[in-house]
């Protein structure tokens, strides 16, 4: 029995169908279909029922929509054959594919554009620049729809493109960046292998021509002119020049140099790395009087030279720089510049030490005047002739006091003292033998009583403030007054020292304990000078080993210091004495102050504290008058005043009651101030007679007001009657300035 199954061919559908009727795709059929319509065909899957429709009876499939292979190349569907009555599957479900058949409907596209490439200038023909690539969405396996070829639409004069690979190459060898540094090339890609009817796409390729060092530097001018003053210091910039280079980047880096010998000596050229300019600076001092114009040849050359272009010519250029030196008024110049002079120390005042010379370097050659900077010769040891420049001594010289003198000499134009030059001058004072030799120290020697003849007791050396060029040479001998000496001998050792030896056996301290030995010392001159020194020799007692024990006049060895315990005890005693003295002075002053306060009752403290106005009659504590009353002997005063009178209140009045009435003062012509006047005079006399108290400039009291005050007092102390009897209406006449005071009153 033959197995039943599906019967169909492979399905294709052409893309981009533009007909009005559905496009027939194909037919599915089961071999069990007898054509009676009992089998129903259905499909499912991608596009079933929407894009693809099937005739249930015949199994014909139609495409109802326009398809695009570039979007979807095939569709997968499943076919079913069912019994129309029972809806049972008559055949197993089968899968089939509908392929979309390609047509040339997509043009090539450059997906990586826009393109930018570069090539060095002056390249050989055929130099590869870059590669472009176009993509075609058509089916490369079907026909020639996706076969792309390349061509140049614009720029073919300078560039070509490989039709298959898309590689762009140079077509000429004279690409010059300085002429044109950028090219826009249009490349076209055509499918169908370039055949007629093929689709095409294009892109623009920007090709940048990069620089190579193919241009030498060139100076815009063949001569430059600069000027500079002759006093410009070394290193001063004169000017800048720059060579132009058509290249860019490091190909424009260049160095400059001076080519002529004169320019190399006087000027220096450096390169400014930022601006690539040549900076011309002064290398040696300029002098207008010597040369007014300098000509310098400056050469510029590239720092990086490409050996491929050496045949194009030399990559350097030269220009001439003309430097004019400007004249300025310069100070005089010392000639020759020697700064050392010598003079003997015994030269007389006014002796010529040397002559300095200075000349005006300017063309005018003004006369020069000289002076000494007195800040370097404050003692005026030297003077100078203002016209000749002769330096003479102004004071007596002494090499031993100052062997060198450093002074500054000024040279200035006679008619323009602002143009001043300075020269340091060192004057050496030459030594003459004007100081006799002297013993190095006041020598003292000791000799033992049991000394033997020939025993060395002292070696003597001398000093001489002079410094002869040949060195010192001293001679020693005993002074003439010691020629009869038989106790000691003097030996000149010939090395500027001498030795004293004993000449006898033993000495006796009881007979003579001190010997004075005069020694004559002579130098080598010239002239030879001498002096006599005395060596003091003491006779001392010694032990068996020759160590000195004691001498007659004093012990030979005395301790020069005290023990720490003795020093501490001495300091404690001094400290105790100081403390006792201070304590006595303090007690004495305190006792004296106490006596003064009791006897004299100095009222100054109370007076200075009474610095405010009283509170009127009701204020009984403003000032305590008891101290004043207790100091006065009223009986003595009363007797002294003759017993009083009617003007004092009558003989029957008690002075104490008068004083009690003082705080409530009433201005009355019957009161007498003699009590206070006498008291004050008495206190002044006591103060004048007591020399132990300090003097006082003034004595002031504020216990009462004066009797002749022209203006009545505002205080309540001056009230004649009680407050109930007063009329305060007059207070309104004081005016606005005293309104607050009137209200308080």
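Just so you know, the numbers here start at 1 and follow the chain as drawn.
Cβ coordinates are placed from backbone N, Cα and C, and glycine is handled just like the others.
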(request) Name the residue range among 639-658, 659-678, 679-698 that TrEMBL annotates as region 'Disordered'. (result) 639-658
(message) Suppose you had to name the range TrEMBL annotates as transmembrane segment; which of 500-521, 522-543, 544-565, 566-587 would you pick?
(response) 566-587
(message) For the domain 'Cadherin' (439-556), how many residues does DSSP put in helix, in strand and in coil?
(response) 3 helix, 55 strand, 60 coil
